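Engineer: I grabbed these lines from Swiss-Prot:
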| type | residues | note |
| --- | --- | --- |
| TOPO_DOM | 1-18 | topological domain 'Cytoplasmic' |
| TRANSMEM | 19-39 | transmembrane segment |
| TOPO_DOM | 40-192 | topological domain 'Lumenal' |
| ACT_SITE | S53 | active site, charge relay system |
| ACT_SITE | H92 | active site, charge relay system |
| ACT_SITE | D133 | active site, charge relay system |
| REGION | 177-188 | region 'C-terminal short (CTS) helix' |
Amino acid sequence: MLSFLSSNLSSTRQSLAQVLNFALVLSTAFMLWKGLSVFTASSSPIVVVLSGSMEPAFQRGDLLFLWNRSPRAELGEIVVYNVRGKDIPIVHRVVRTFPQIEGKAKKVKEVTEASSVPPNMLLTKGDNNIADDTELYAKNQDFLHREEDIVGSVRGYMPMVGYVTIMLSEHPWLKTVLLGIMGLMVILQREQ
């Protein structure tokens with residue numbers, strides 16, 4: 001009887017240790033993500049290119065590293081933005097800037113680097129697209145606000161690494177298979 005209680009206690013202890021290890025892995029990943037978010041000043045410091053609109057600069061599945069500490073975006077800079085009301089990151093190039101004058105947007109010629117007017121409003125376009133992004137913006141929005149809409153500027157990338165994310169979102173059954181394999185590995189590891 002005592003050996004039964006001892007083995008039960010040992011099994012419970014092992015299960016608790018596995019749960020705590022799993023929680024430790026999750027909390028470490030979360031803390032690293034939040035730390036990276038604070039360091040880059042971006043709510044999403046790493047994003048995956050979801051379409052071919054930026055080819056040949058970036059391919060679908062490329063993993064992008066963002067930085068959002070620059071107060072202004074320059075012409076030609078590649079930025080990631082979210083459309084208001086939607087949570088889909090769009091990666092496109094700044095093709096025009098508009099200075100903010102008395103709270104309203106005023107179209108002017110493209111701002112050059114020598115200009116002293118801070119460009120707070122941007123127009124973007126995918127390198128592989130024919131037209132600019134005004135059709136993608138929210139209703140009654142003709143430009144992006146640098147402070148409100150921009151998630152970050154691209155500072156680096158890793159080709160094709162993000163394709164796993166795309167495959168998992170396009171084929172939901174792969175998530176089930178992956179979770180099943182992970183669960184099977186936990187069960188098999190426990191038996192050893």
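Backbone N, Cα and C define each Cβ position, glycine as well.
Situate these features within the shown structure.
Structural biologist: Here the transmembrane segment (19-39) has long-range neighbours at 45-46, meaning same-chain residues at least 6 beyond its ends whose C-beta is under 8 angstroms from one of its own.
Mean model confidence of the topological domain 'Lumenal' (40-192) amounts to 83 (pLDDT, 0 to 100 scale).
In this view, S53 (active site, charge relay system) is surrounded by 20 other Cβ atoms within 10 Å of its Cβ, with every protein chain counted.
According to DSSP, H92 (active site, charge relay system) is assigned to a strand segment. Spatially close to H92 (active site, charge relay system) yet at least six residues away along the chain are S53, M54, I78, V79, Y81, T124, K125, G126, D127, N129, D133, judged by Cβ distances under 8 angstroms.
Summarising the environment of D133 (active site, charge relay system), the number of other Cβ atoms within 10 Å of its Cβ, over all protein chains shown, is 22.
Sequence-remote contacts of a segment are chain residues at least 6 beyond its ends whose Cβ falls under 8 Å from one of its Cβ atoms, and for the region 'C-terminal short (CTS) helix' (177-188) they are 18, 168.
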